[in-house]
Amino acid sequence: MTTTLGRGDTYPLENYKKGTRVWLRDSEHVWIRAELLDDLTFSSTVVRLLREHDGEEVLEPLKPEALPFLANPDILIGKDDLTALSYLHEPAVLHNLRYRFENREAIYTYCGIVLVAINPYADCSQIYGDDVIGIYGNAGNQGRSDLDPHIYAIAAEAYYDMKEYEKNQSIIVSGESGAGKTVSAKFVMKYLANVAGSRKHRRSGSSDNSPGVESRVLASNPIMESIGNAKTIRNDNSSRFGKFIQINFADDFSIAGAEMKTYLLEKSRVVFQSKNERNYHIFYQMCAASGHPLLSGLGLNTSDDYIYTNQGQDPSIPGVDDKADFNSLVKAFDILKIDSSRQAEIFRIFAGVLELGNIVFDSATADSAVVGFQKGCESTIQKVCSESLFAVDSSALKTWLTAREIRAGGEVVRKLLNVSDACANRDALAKMIYACLFNWIVDKINENLDQGTAKSKRSSKFIGVLDIYGFETFEINSFEQFCINYANEKLQQQFNQHVFKLEQSEYEKEEISWVRIEFYDNQPCIDLIEARPGVIDYLDEQCKMGRGSDADWLSQMANCPKLKKAPHLQMPKFKDPSFVVKHFAADVSYKIDGFLEKNKDTVNEQLLDVFSKTKFSFLKEVIRDILASSSTGAKRKKTVACQFRDSLAELISVLSSTRPHYVRCIKPNDDKERFYFEPKRAIQQLRACGVLETVRISAAGYPSRWAYDEFGRRYRVLYPEGKALWKQKPKEFAKLACAKWLEPEKFALGKTKMFFRVGQVARLEKIRQDVLAASALRIQTTWRGFVARRRYTTLLNSIRVIQAVGRSFLAYRRLKYLQMQRATIVIQTAFRGHRERKKFNQLRNAVIAMQAIQRGNVVRAQVLAIRYEKSALTIQRYFRGYLVRREQIRRVQKIVKVQGCVRRWLAKRELKKLKAERTTVMFWSNKHQSLEKKIIEMQGRIDNLASERNSLADRCVEIDDLRNRIANLTSERECLVSESTRLTARISELSEVESQFSAQSSRLSALEAAFAQLEAQNIAVTRELREANATMSTMRDEVSKLKSINDDLTSTVNSEREKCRRLEAESQEMRQQLASNADLIVSEFSRTNELRASMRSTSSDGHSLPDASEPLVRKMQDSIDVLRTHCALRDRDLSRLQNSLSLAQGDVSDVAFEAQRRQDLEVEVARLKREILELCHGGGDQSASDIYLSGLIEDLDNVRLENCQLRTMLSTAFERRSEEHSPRPPTDGDDSCYFSTANSDDGNGSLPSDREYVDEQLERERLIRKLKAANIDLCRQLHTRDKTISELEEHVLRVKGINNDGSSEASSSSAAGLHARVFCDNMFLQQTVNRQAMELSELRSQLRGWSEDLTASPGDPISAATAAGDGTEVLRLTALDANSHAHSGLLHVYNVPEFARILIFELKPRLAKQLTPCLPAYLLLAAFRFYDREKDDTAITSLFGAAHTVLRTIGTDSNDPDILSLWLVNTWRLFNLLRQYSGEENATWHEQNTDKQNSHQIANFNLEPLRNQLKLRVEVLYQSYMKKAIEPLLSPKIVPGILQHDSTQLLAGPSGPPHAGLTRQPSKDIVARALDDLLELLNVVHMRLSMHGADEVLIGQCFWQITQWICAQALNNLMYRKDLCKFEKAIQIKHNVSEIQTWLFKHGLGHIRAVLEPLVQACHLLQSRKDEGNLDTLCGEMTSALNPKQVVSILQHYTPSDSFEEDPITIDFLTKVQVKLVARAVATAASDDTDKLLIPGTLLTPFNSEPFVYSDVALETLTLPTCLHLGSVARFV
C-alpha cells in the first residue's frame, strides 16, 4: 500500500498493474513519467519501468511504504483547475502546469481559490484588450466556471462579490522577483478602472476635461515604477517595495477614490547595486532626458558619470526607452495634478542625490581618519550645495560628512570618521532623502487619488490590491530578506486559514460530513520572529544599546533558553555569523552583518541640522518628519523592524476583514526564454507560494468534484441497468453507479454535485475503460462469428453456382464448334466468288477511266482557249478607259486649283472691303448674307467633290472587279498546274503499259504538244498579271492623292465654317451690346450724357473698333453694374415704403387680396362653363359625361368649402388686427427697419404675418382632415382585427376542447402544435396593436400641436380610435403661400445665427420625420449658392461657421440616437451636395447631373475647405452615433441573441396560460426572446436612418460596423466559453446567425453577410468530425476565415456530444491541427495573424467618405415649411 498527499489514503496494489503510468524522481526534470512493465506484488523488491521521455527501460528499488505516485488519466491532463485532478500530488501539479504552459501556451491555471500565473516572457497583449475585459465583465460570477482562467476573472469575481454581497474584497498578488507581480496588479487595476470607471465617466458629461479617478489610478503606475522599480538579475522591472492599493467605490459601485500604502522600500539600492543590476529607473530616465525643459538647469550627465548608477555596469535595458518613459512619467504627474514647478523641484532632489554620490573621500589608510576629499570633489560639493540643488551651507556639509559629535554627559566631542564611516554617513544621507521623497510622492498620489468629495468620504466598500514580494532565499540573505520572509509567513498563515475555511464552508453548503484535518500552522515560526523574547525583540534591544553590535545580538539569541528550544531556529555550531530560520517554504540562513545598522536607519544629526537650514523650501517639506523626530527631547524613533511589524499587523487586519482572492506568480526560467518551463525553478516557487499547500488541503477531503449531469454523461456505461436514468435522474444514477463500483467512504453525494476521494476518478476511468474493453470484446466476438457464418454460406452458394455455370459452358462450347464449321464452308464459297468479281471490275474500270481522261482533256483545251481570248479583251477595255479618266482627272484638278487661286484673290479683296464697312450695323447683315452665299458656294464645291469622290469610288469598284478577275485567272492557272501534275502521273502510268497499248503513242505525243502550248499560255498570263499589278499600284497612288486633296478641302471647309460661326457670335454679341446700350439710353436712372458721349466716341472711331472691343465691353459692363446698383437701391427704398404703408393700408390690402381671390374664382367658373359647353356639343359616351359632371360637382363643393374657410380665416385676421390698441408708426430710416420688421417674433404688425397665419391655418385644416380620414380607416382595420382575434380565440377554445376530448397521442400533439401557432399569432397581433397604438398617440400629440382648439367629442368613435396610419406614409409639411412663385434655388438668409439656431439646434427629430428628407442640407446648400452668386465670402464663412459650431456641439455632447442619426444623415448629404454642385472638374461628381443642376453649380468660390471640415463632422457624428447610441444597446444583446438564444424554446410553446406572454417573464423567457430583441434593434436603427433620408452608402457602413461587432463579440465569447463549444449549441448559433443574414438580405444589405463568415465557420468546425481522416477539411476552406489560434482554441474548449462522440479531442490531434494550420498560414502569407486570438470587438472603423452619392432633388422645388418659422430670417429668391 502507498500514501499520497492528504489524509493518508492508501491505494491497493491492484492499481499497479502492467501498463499503469507512474511518476519517478529525476535530478534534472524533478519528476518524469514511466510505464510499469510488470505487475506489482507484495513480494516485489524492484520494479521494471519504461521511461516515456527517452524510452529507456530502468529498474527501480521498491519500498512497500513508498510506492511511486500514480499518474492521472489522459482525460484529466490539461485541466484548468489543479484540484480537479484525480491524483493530487506534486508531480501531477507540476506536469499539468507544464503541459498547459508549453503545449497550450496557457498562462493562467486555477488551483482552488488560487490563480497560478506563469510569466510567459512573450507579448500576450491580445489577451488583455478591452474585448477580453468585456467578455469577463459580462460573465459576472460565472466567469470562473464558464471561462478560461484569467487575471480578469479574479478581478471580475472580486468586483461581483463586492456588489452582490457588499463585502470588501482583496486581491493578493505575490511571487518572487521576475514572476510578473507588478504586471498582474496593473491588469487588475486596468480591469476595475475599465468596468467601474467607464460608466461613471460616461454619466458625468461635464465640460471639465480633468481626468477621472480611474485615469489617475492608472497614472500612478508609471510613477511608482520609476521611483520604486529597478533592474535586477532576475527581472528587468522588479518592484523593490511592497504596496497595497485600496480602491474605494461609491454607492453606485463606481470608483470613488483610492489609497496606496507601501512597505519596506529597498533603500540600499540607492547607494549600491550588484553587477548587471541598475539603480531605480528614475535616475536613468533623467539622464536620458537631460535636455527636457524640466531638467534644463540641473546639468545632468550620462548615467556612467555617477557612482550611484554605474556600479552595475549595465545601464541599459533591451527594448526599454528611458527617454520615452520619462515623458510618460511627466504625463502621469500632469494627470495627478502635480504642476510643472513642483515636478522640477522633485527632479532637482533626485539630481542632488545623484551628485551626492559623486563625493569621494581620501585618506592615508582605510582605517585612518579622513583627511579630505579626492581631487575634483570640491566642485561636486559646491554643485550639491548650490541654489540649483540642495541650497545648503557647503562648509557645514563638508565638515559633517567627515565627522560627528559624541555627547557624553555635558560634554560634546567631535570625532573624525574614517573613509568607510564617511561613505556610510554619505550613503545614509542619500537613502534618507530618497526615502523621504518616495514617501512624499506616495502621499501626494494618495491625496490626488482621493477625490475629497462627500461621496468618496462616505464610501465604505473597497477592493484592495496587494502587490508584495514573495519568499526569497539567496546565497547571502540579509535584513531585507528577513523582513520579506517574515511578511510571507504572516500571509501564508492567513492564506491557510482562509483555504481551510473555504473547504469547510463548501462541504457544509453541500451538506457533507467530513473529518476535520490538521493543516500546517506556521504560528510557531511567526512567534519566533515577533513574540517576546524573539528575533525582532532582541534586535531592537541591541539597537537601543549604545555599543550594540551584530555579534552581541547573535550571542544574546544563542543564550536565550526559550529560543534554544524553538524548533524553527537553528543557531550556528561554529563561530559563523549567521543563523537559520525554518520557514514554511524552506530553511533560510541569514548573515547578521548589517542587521543593526539597517534596523536603526539613522542619519547623523549634524547633517540633518545642516539640511534643516536649507533655502530649498520643498526639500525642507520633504524631510520634515525626519527633522521632527530627531529634534531634542523628541520620542525615540521606531526601528525599521518595529515599523514593519506594526504595518504588517495592520495589513493582516485589513485582509482578514475582506474576502481575499489569491494570485500566485511563477517565474518559469531564469533565462527569460519564451514559454519555457524549467521544473526545478517552478517547483521551488510552488512550494514557497503555498500552491502545494492548497493541493494538500484539498486532497485531505474530497478533491474531485463532478456535477451530476457531467458524471452521468461520462460514466453512463458503468450502470447500464438504469437505461436513461442518467438523463432523467442523474443524482440517483450517480448514487447507484458509485455504490456498485466504489467503497462507500470513497465518495459523497452533495446537493448539487458529487465528491470523490483522491484517486477515485482515476479508478472510475480505469473501470470505464475495462467495461468498454469488455463490451468491445463481446461485440467483436459476436461480429466475428456472424462474419464467419456468412462467409461459409456465401462460399457454399458460390460453389454451386460455379458448377452450374461450368456445365452450361461446355454445352455451349460444343454448339459453337458445330456452328463455326458450317459457317466456314459458307464463307469460303462467298469469298472466292467475290475475289473473281473484283478482278473483273478493276480491269473494266481502268479502261473506262483512261477513255474519260482523254476526252476531257480535249474539251477543256478548247474551253480554256475561248476564256483566255475573252479575258484579254476585257483587260484591254478597262485599262484604256482608266488612262482616259486619269487624264481627265488631272485636267480638272488643274482647273480647280486655278479657280481656287482666283477666288482666294477675290476673297481677300472682298475682305478688305468688308473691313471698311464693319463700323455700321448693316455691315453685319451684309456680312451674314455674304457668308451664307459663301457657305452655299462651299456647299456646292463640297457637292462637286462628293461627286468626284463617288466617281473615284466607282473606279475603285472597277479595280476590285479587276482584282476578282485576276484572282479567277490565278485560280484557273493553279487548276492548270494541277492538271499538268496529274498528266505527269498519267504519263508514268502509261509508260508502264506501253507494251500493251502501243496504239496510244501518237496520242501521247499530241498531249505533250498540248502541254507545251499550255505552258506558253501560262507564261503569257503571268506576264499580264504583273502588268495588271503595276497598273493597280499606280491607281492606288492616285487614289491616295485624291484622298489627301479631299482632306485638305474638308479642313478648308471646316475652317471656313468656324470663321463663319465666330463671325456670327461676334455679330450676336454686338447686337446684344447695342440692345443693352439702347436700354440704357431710355432708362430714367442712367447717366444719359456720359453714355451718349461714350457711344459717340465709339461710333466715331469705326476703324479702331475691332481692336478696342474688349475695353468697350468692359466699360459697358461697369455702366450696367452701376445702373443695377441704383435699381437695387430704388427697389429697397420702394419695399421699405411699402412696408411702412402696409400698416395704414391693411384693410385695402385685404380687400385687394379678396378681390383677387374672387377674380380667380370667376375665371375658374368661366373655364368650367366652357368645358361643359364643349362637352355638350362634342357628345360622346354618356358614362364619361356623367363621370365628368360628378367630378365637377365634387370640385365645386371643395371650392365652396375652401371659400368658406378662407372667409372665416380672413375675418379672424381682421378681428385680430382690429383688437390692436394702435398700429405701429411707420419707420423711416436705414435698412435696419426692414430687417427688424422681418425678424420680429410677433406677426401682427404686417400683412405678410397675417398671410402666414392664413397659410398656417390652411395647413392645419388639411392635416386635421387627413388625420381624421386615417383614424377612420384604422378604426375599420382595428374592428376587422378585433373580429379576427375573437375568431382566433374561439378557435383556440375549440382546439382546447379537441385536446381535452381526444385520446390518441397523435391528436393531442397536433392540437398542442396548433395551440402554439395560434398563441404566436395572438402575440404577433397584440404587438402590432400596441405598436399602432403608440404611433397613434404620437400623431394625436402632433394633432394637438396643430389644432389645440379642435377636439373630438367623447362619444365620437374617431376620438376613441387608437390608430395613426399604417406607419409607412410620412406627412410632408409644405408652405401654402398665397403669393407663391417659382424661384431659382437661392436662399437669402437675413439673420445667420438665428437661422442656424432654428434649422439645426431647435429642429427636433419628431418634426424632421415629417419634412422632406435632408431638408436642412438642401437649405444650407441654397444659402451657399446665394452668397456665391453675390460673391460674399464673409457671409459664406459666417453661415458655415454657425452651422459648424452647432454640429460640433451635437457631435460631442449629445447622446440622443434620434438627434445623432438626424444630423449624421444631413451632414453626409450636405457633404455630397457640396461635391455635386462644386465647380471642380470631377467627372464622378457631375456625370449624373442634369443641365439645370449644372447651371446651379458654385462658380465663384472653392468650397474644398468647407468640405474638409464637413468631412470631419461626418466622422465625429458617425463615431458618436455608433459608440454612444448603438454600441451600448447592441453589446448586451449580442451574447444572449447569438450564443444563448434557443429557438426550440419558442417551438415548445409557453408553459403558462395564453396571456402569460403579456406579463413580466422570467429570465429564461427573456433569453428566448433575445434574438427577436436583437432583430428589433436592427429594425429600429434601419428605420431611423431611412426615415431621415439616409442613402445606401451610409446605411451600408453603419450596418457593416454593427455586423462586425456582432461577429467579433460573439466569436470572442465563443472561444472563451466552454459551455458553448458543443455540437448542439453550434446548431443553435448557426440558426441565429442565419436569421441575422436573412435580415440583412431582406433589407438590401446582402453583401454584408460575408462579415459573419468567421462565426459561421466556427459553427461548422464544432459540427464536423474531429479525427485525422477529416484533418484536411478542418484545416482547409472550412476554416479559411479563422486563424490558427482561433481554430485551436475552439477545439480545446470543445465538449463531446452525448449522442455522437464519447472521447474528447486528443493532444496529438490538436498538435497536428496546429501544425497544419500554421503551414497553411505561411503558405498564404498570413503568418502575421497566427498569434491573434481575438477579433477587436469594440473597434470602430473610420467612416469612408470617398464614395459619392448623387441627389436628384431639384433646388427650385424647395420651400420653407411654415412649422419651422424660417420666413422671418430667410427667403427664396
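Placement of Cβ uses the backbone N, Cα and C atoms for every residue, glycine included.
Note that the structure is a prediction, hence the values are computed from the model and not measured.
Residues or ranges marked as domain 'Myosin motor' by TrEMBL: 77-769. Marked as ATP binding site by TrEMBL: GLY175, GLU176, SER177, GLY178, ALA179, GLY180, LYS181, THR182. The region 'Actin-binding' annotation in TrEMBL covers 648-670. TrEMBL lists 928-979, 1004-1073 with the feature coiled coil. Per TrEMBL, the feature region 'Disordered' maps to 1215-1250. What TrEMBL lists as compositional bias 'Polar residues' is 1234-1247. TrEMBL lists 1444-1720 with the feature domain 'Dilute'.
Taking every protein chain shown into account, GLY175, GLY178 are the binding-site residues, and of these the Cβ with the most other Cβ atoms within 10 Å belongs to GLY175. For GLY180 (ATP binding site), the count of additional Cβ atoms within 10 Å of its Cβ stands at 24 [all protein chains shown].
For the region 'Actin-binding' (648-670), the number of residues in each DSSP class (helix H, G, I; strand E, B; coil) is 9 helix, 8 strand, 6 coil. For THR182 (ATP binding site), the count of additional Cβ atoms within 10 Å of its Cβ stands at 23 [all protein chains shown]. Long-range C-beta contacts of GLU176 (ATP binding site), restricted to its own chain and to partners at least six residues apart, with a cutoff below 8 Å, comprise ARG234, TYR469, GLY470, PHE471, GLU472, CYS665, LYS667, GLN685, ALA688. For ALA179 (ATP binding site), applying a Cβ distance below 8 Å and a minimum sequence separation of six or more within one chain yields ALA117, ASN119, GLY470, CYS665, ILE666, LYS667, GLN685. When other Cβ atoms within 10 Å of the Cβ of LYS181 (ATP binding site) are tallied across all protein chains shown, the result is 27. Taking the mean position of the Cβ atoms of GLY175, GLU176, SER177, GLY178, ALA179, GLY180, LYS181, THR182 as the ATP site, the remaining same-chain residues with a Cβ inside 8 Å of that point are ASN119, ASN235, SER238, SER239, GLY470, CYS665, LYS667. Other Cβ atoms within 10 Å of the Cβ of SER177 (ATP binding site) number 20 in total over all chains. The predicted model assigns the coiled coil (928-979) a mean pLDDT of 78.
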